[in-house]
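Annotated in TrEMBL:
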type    : residues : note
BINDING : 61, 130  : Fe-coproporphyrin III binding site
BINDING : 191, 276 : Fe(2+) binding site
Ligand SMILES: CC1=C(CCC(=O)O)c2cc3nc(cc4[nH]c(cc5[nH]c(cc1n2)c(C)c5CCC(=O)O)c(CCC(=O)O)c4C)C(CCC(=O)O)=C3C
Ligand SMILES: [Fe+2]
């Protein structure tokens, strides 16, 4: 498959779902953001400002509930297939915190676990930082911590692409019959990252944006969209630092002035309807579209599709040597697909240098 390190000759005895985590109440927001920005000493006042999107939702991020759903569905799929691995869940930034989960796994006698990270692409934020989490989680426990092997990035998986295709087709169906249904543009979005982070991602650079462009092109081709765009959303940080552009809202203005009458916005960069989706797209970008008189339909995300669960189970069965139903469309950077053991990076130059601020 690739030349990444794998745990050798060892029975795998658990699965760990590793995610970003999100607050679940107003009192969680600032401590959560302190975790996200750990070590950077950002004042609480500023964090309340950064966290204002969370306060619109009573401080509740959708991400934890979405992960609980993924885990429940995966447990049922394991039962159906006879996969006898317990499933654990730990987050980088909020409870259940990864360090606690690794301690619990250790106490339960887990020795070697696979890790499913809830992010589909390469790059520092989407891949390498999860390797760092794995190393941190194990270090918190010490020598008795189980070995942890991260599963590959999902972006090139047939099931991931197919789930996104289905979501875009459903979005087109919603537009059917609307008077602006002709003149629709398909617009893919993903989380923006600093330009330097993209330039440093992967052995050849630009791993993150190229993987996104690959998935966007696949989906566009399969739904028969001749014209499509890949744009970015949810940028943060100081304005003088360049991040990937154009931003979705600026892009909607361009499309409106080009005579486009409606858009389908497909957040292929996110595996579920995280806060960035429900706020930055469903709230802010949707309001921008109304202001511009553009029809706006937001396509769903892959995580709610059964194929997403099938995909995770297939990746596990392939790794366990039970069966091989995984169809990878374009692992165009061999050896750089996100696999790694105990926090070692997946391959030289992958997935980008550590944040330098
Ligand atoms: C590429 C990427 C993904 C996709 C890969 C993946 O899924 O992992 C992602 C996911 C997410 N990002 C999330 C939330 C946040 N990201 C932040 C900050 C940042 N993200 C970045 C990039 C990404 N982020 C970057 C370069 C920064 C700035 C530097 C830093 O601080 O590292 C900040 C700090 C405040 C701010 O700067 O706005 C927050 C609160 C949530 C949870 C949402 C919820 O609650 O539903 C999720 C799933
Ligand atoms: Fe983020």
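Glycine too: its Cβ is placed from the backbone N, Cα and C atoms.
Structure coloured by features recorded in TrEMBL.
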residue: 61; record: Fe-coproporphyrin III binding site; Cβ neighbours (10 Å): 25
residue: 130; record: Fe-coproporphyrin III binding site; Cβ neighbours (10 Å): 25
residue: 191; record: Fe(2+) binding site; Cβ neighbours (10 Å): 24
residue: 276; record: Fe(2+) binding site; Cβ neighbours (10 Å): 20
Notebook entry, point to check: If one measures from the C-alpha of residue 276 (Fe(2+) binding site) to the C-alpha of residue 61 (Fe-coproporphyrin III binding site), what distance in angstrom results, rounded to a whole number?
Noted result: 10
Notebook entry, point to check: Roughly how many Å separate the Cα of residue 130 (Fe-coproporphyrin III binding site) from that of residue 191 (Fe(2+) binding site), to the nearest whole number?
Noted result: 16
Check: Which whole-number value in Å describes the distance between the Cα atoms of residue 191 (Fe(2+) binding site) and residue 61 (Fe-coproporphyrin III binding site)?
Finding: 17
Next item on the list: Can you tell me which of 61, 130, 191, our binding-site residues, come within under 6 Å of ligand 1 at the Cβ?
Entry: 61, 191
